[in-house]
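S.K.: This is the structure, below, for whatever I ask next.
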């Protein structure tokens, strides 16, 4: 959708900043580790006085936090199942292409905006123009939708981790037939979906046959969801007094677990087949609009675009920090993490497919043939056998349910590991760690320290929808539509605001003054044309597909023991549409309110002095370089035409203008 470090002291600062509070409030934060006040560092502001705005302890801490925010469940849980669901290598190629032409440029744009303006998500867009304040609030709505169903994944992780403290593991054997009281060994369900899949559907999630059959609440999953929200709530309210060593450990721990699983998985029979499937490109999948939409949304999820946390984190950087290099580095690490997680998943899937196929065929082979003399097996006998049981060999790499892929694949493989309870506990502890980190970063987009308890309570009660027997289908619906399409809409509004309303060339000029060097001009064309047109076209095609082709979901049929594709009922489509509308509604509302106020920002509190508009210009981070070859005519040409802007060009600004003789100290790393 997109993961931050569990150092919630950072989060306290960011959440306060999201409401546009100034740096003096942030200076009173309880941050013990991740942030230190620039006042304590002894750095001077532009006016020669000390700057009270917090700053990162070190560049390493900032990089680890950005990597930790971007690397989470989106990489270990979401990317592998999307890659598995959409043709393996074809989806990966599409993802890389969209990452380069959309992801990295937009990631750099958010980093630069936060570093220039030095405010949170809502504050950045208010600062650029009062008309754009709604973009920040739309980001909050998307964060809330993602938080609702991401915490369900955490609840699943808690359930599986709790069941890992026993030997043998509950999913090691096929379930018992409640009618005959015999172990189910030779059934279509067991051969196609394996013992764990059946056990998951019947015992753990207790999934109904369709989204219409809501059923009663699952008490076990309700308890797990309550525990998940309680952990998030306590962490957001009290914070975690952690040391740098704990933060570094939480960054390295997922990689250590994934590498251990990859090494063990490569020793399994069938691992090579899984890797071949992962990298084999089925390019015909590119003809489906849904695949493009999922790939683009995964780019936003992975990098955390549109949530506001990227902007907030970069706002604590030194003014001259090389955010372009940070964007490329973090994006590269993020992609390599997704590839590593996918390798682990597909290695396990290859082993699973081969193991189940051999088990099923051997179970059905002996009753039909006299293997003491293979020459006695007639061709007609083989044909008769295959007509009865050949379909049971269809258990392959592609027969798993999407959202449960990580749970199904890993739990089955871990059952075959030596000391399986240890490996199972380790894996779900990693998922729990990644899930909580994702939730902390997501909740920072919608919470302040004073509203944390109420927001978590509200999230839990709404989340009870996912603990019904049909709850798994609602998770799929939100993941496919309600949390993805609004995210694309928010990023489109962000891009239009910077590239067209403020001006891409003007923005790049500001970045040049800030960094003391000019980023590649290709960013301008990617922001204004390639990326923007691609996102708008993708959004339009997705909406048209929803209108003209009724959305479907995969349901579990208990009678046949197999999956089936069903259409969403009318009430579900209405619910889906309302969620999408509510998510981007703050943008037009914010514009309308600002227009009715005559383009002015929010009312100024009593005793506050609003800085005059005329003090704002292109940038204030440093005096222009002596070798700056831009003429005043070029600067005027780069500025957007005032007739195009609703308020005129003078009402759109990035940083306050320096007074004569003022100079800001270079604190670049």
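From the backbone N, Cα and C atoms, a Cβ is placed for every residue, glycine too.
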S.K.: Looking at 4-29, 30-55, 134-159, I want to know which stretch TrEMBL calls transmembrane segment.
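M.R.: The listed stretch tagged transmembrane segment in TrEMBL is 134-159.
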S.K.: Which of these ranges is annotated transmembrane segment in TrEMBL: 525-548, 597-620, 621-644, 645-668?
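M.R.: Going through 525-548, 597-620, 621-644, 645-668 one by one, TrEMBL flags 525-548 as transmembrane segment.
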S.K.: What does TrEMBL list, out of 86, 163, 334, 472, as binding the same Na(+) as 68, 71, 75, 434?
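M.R.: Na(+) site check in TrEMBL: besides 68, 71, 75, 434, the record includes 334 out of 86, 163, 334, 472.
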S.K.: For the record in TrEMBL, which of the ranges 60-79, 180-199 is the transmembrane segment one?
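M.R.: Within the set 60-79, 180-199, TrEMBL attaches transmembrane segment to 60-79.
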S.K.: Which of these ranges is annotated transmembrane segment in TrEMBL: 328-349, 350-371?
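M.R.: Within the set 328-349, 350-371, TrEMBL attaches transmembrane segment to 328-349.
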S.K.: Given the ranges 395-414, 415-434, which one is assigned the annotation transmembrane segment in TrEMBL?
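M.R.: So the range that TrEMBL calls transmembrane segment is 415-434.
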S.K.: State, in range form, which of 60-79, 220-240, 415-434, 525-548 has the highest count of Cβ pairs under 8 Å to the transmembrane segment (295-316).
M.R.: 60-79
S.K.: Need a quick answer: max count of Cβ pairs under 8 Å to the transmembrane segment (91-113), which of 220-240, 252-275, 328-349, 415-434, 525-548 is it?
M.R.: 525-548
S.K.: Under 8 Å, at least 3 Cβ pairs, sequence separation 6 or more: does that hold for the transmembrane segment (134-159) versus the transmembrane segment (328-349)?
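M.R.: These two segments do not touch.
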S.K.: By Cβ distance under 8 Å, which residues at least 6 away from the ends of the transmembrane segment (328-349) in the same chain are close to it?
M.R.: 63, 66-67, 70-71, 75-76, 79-81, 83-84, 88, 92, 95-96, 99, 103-104, 107, 254-255, 258-259, 261-262, 265-266, 268, 271, 274-275, 277-278, 302-303, 397, 400, 405-406, 409-410, 412-413
